[in-house]
Amino acid sequence: MREIVHLQTGQCGNQIGAAFWQTISGEHGLDGSGVYNGTSDLQLERMNVYFNEASGNKFVPRAVLVDLEPGTMDAVRAGPFGQLFRPDNFVFGQSGAGNNWAKGHYTEGAELVDQVLDVVRREAEGCDCLQGFQITHSLGGGTGAGMGTLLISKIREEFPDRMMATFSVVPSPKVSDTVVEPYNATLSVHQLVENSDETFCIDNEALYDICMRTLKLNNPSYGDLNHLVSAVMSGVTTCLRFPGQLNSDLRKLAVNMVPFPRLHFFMVGFAPLTSRGAHSFRAVTVPELTQQMFDPKNMMAASDFRNGRYLTSSAIFRGKVSMKEVEDQMRNVQNKNSSYFVEWIPNNVQTALCSIPPRGLKMSSTFVGNSTSIQELFKRVGDQFTAMFRRKAFLHWYTGEGMDEMEFTEAESNMNDLVSEYQQYQEASVSEGEEEYDEEAPLEGEE
């Protein structure tokens, strides 16, 4: 089977990761200690994508938990699913990274990284046919951002032909933890552009908006936000965990979603989003799911796709849905909103189906879109970065850990390049492409 090894780094990564494992354990009929007491064979059929079967009908997640301070780990261990994880797979330091990317990437993190890689190697050796890695982390902190990206590049070196998917929590415009977030995020994006195959961008502000506007929660907790993220992660990974009619794996997703290697930053959405008490008052239909899924208010990253165009997108439907209805609806969405899809990639909406819905729902859909409007997110971080970097504010925290200013300049220009690449493809049209092609043709002959 095609296994996935999961890494969670830093406080944010560990909390999202814990929520994810809680969600999928429930879907696969596992209790808090990993013992199977489900009812359906379908739950067991592809269990080993994420779980390793131990003795006594107990399943253990293929998860590696990493942090530079013991606090979050203790919280996970004390939580409802703390006994699920293999004790050797908790790898933590004592010092903390203090929201400093350089500490996570170069000093504190670098000391711990070999220990983590040993655990990753052991997990990979326990797989029949490893398809890739997924990592949950935030880009604004020290450990998740700095050490997370260090791990990604080390794993890339050792497993160059395996997929690398990241679920990255991007700093949001209004909700900020620390003042150096723009630095940490820019340095991280600089790494992700080169080393990740697919990055699912999530941001806290969009999650807050969804909680307040759609779920009618007055003061959402991080628990509520993480619950949303875990719903999306569970949706994106459905096809990998359950037999479906249209199965996909991380690589197929990437092939369908990434038209140019650098442009692999996706927006995600989930439907149906209904407040906790209101589930029983409405029936969900495929048209409703489709409409809600493509609604900008449902996107979990604070950029509005109406300001850009979709290069590609993918929808994963779960539950008892008719294939034909889904196809019709998706075609319908494309025809109605054709201006939001680039016309030089025909059929750029891909659909996958899985017959098993998430717990408590009849059907659901998860949306993954590669939209040029994600540049807003990078622009926003870039502007904040520039404002601080121009004055060299807070730089001594980074140079003190041995970083060079050059690295900041490089990261900044790499992010600006990324923004302009998105812009270039947003404006490209079919006819333009043909003319360029004709001009290039003779050159090949000359070579």
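Don't overthink the numbers, they just go from 1 along the chain as shown.
Heads up, the Cβ atoms here are built off N, Cα and C, so glycines get one too.
As annotated by Swiss-Prot, GTP binding site applies to Gln11, Glu69, Ser138, Gly142, Thr143, Gly144, Asn204, Asn226, with the evidence given as similarity to another entry. Taken from Swiss-Prot, the feature Mg(2+) binding site applies to Glu69, supported by similarity to another entry. Swiss-Prot lists 424-447 with the feature region 'Disordered'. Per Swiss-Prot, the feature compositional bias 'Acidic residues' maps to 432-447.
Following the DSSP three-state reduction, the secondary structure of Gly142 (GTP binding site) is coil. Taking the Cβ of Asn204 (GTP binding site) as centre and 10 Å as the limit, one finds 25 other Cβ atoms among all the protein chains shown. Neighbour counts were taken as the number of other C-beta atoms within 10 angstroms of each residue's C-beta; across the binding-site residues Gln11, Thr143, Asn226, the minimum falls on Asn226. Annotation for Gly142 (GTP binding site): same-chain Cβ neighbours under 8 Å, separated by at least 6 residues, are Gly10, Leu68, Gly96, Ala97, Gly98, Asn99, Asn100, Trp101, Lys103, Gly104, Asn184. In the structure as shown, the Cβ atom of Gly144 (GTP binding site) sits within 10 Å of 32 other Cβ atoms. A 10 Å cutoff on Cβ-Cβ distances gives Glu69 (GTP binding site) a total of 19 other Cβ atoms nearby, all chains included. In the three-state DSSP scheme, Glu69 (GTP binding site) falls into the coil class. All protein chains considered, the CB of Ser138 (GTP binding site) has 30 other CB atoms within 10 Å.
Summarising the GTP site geometry, the residues cited as binding it (Gln11, Glu69, Ser138, Gly142, Thr143, Gly144, Asn204, Asn226) extend over a maximum Cα to Cα distance of 23 Å.
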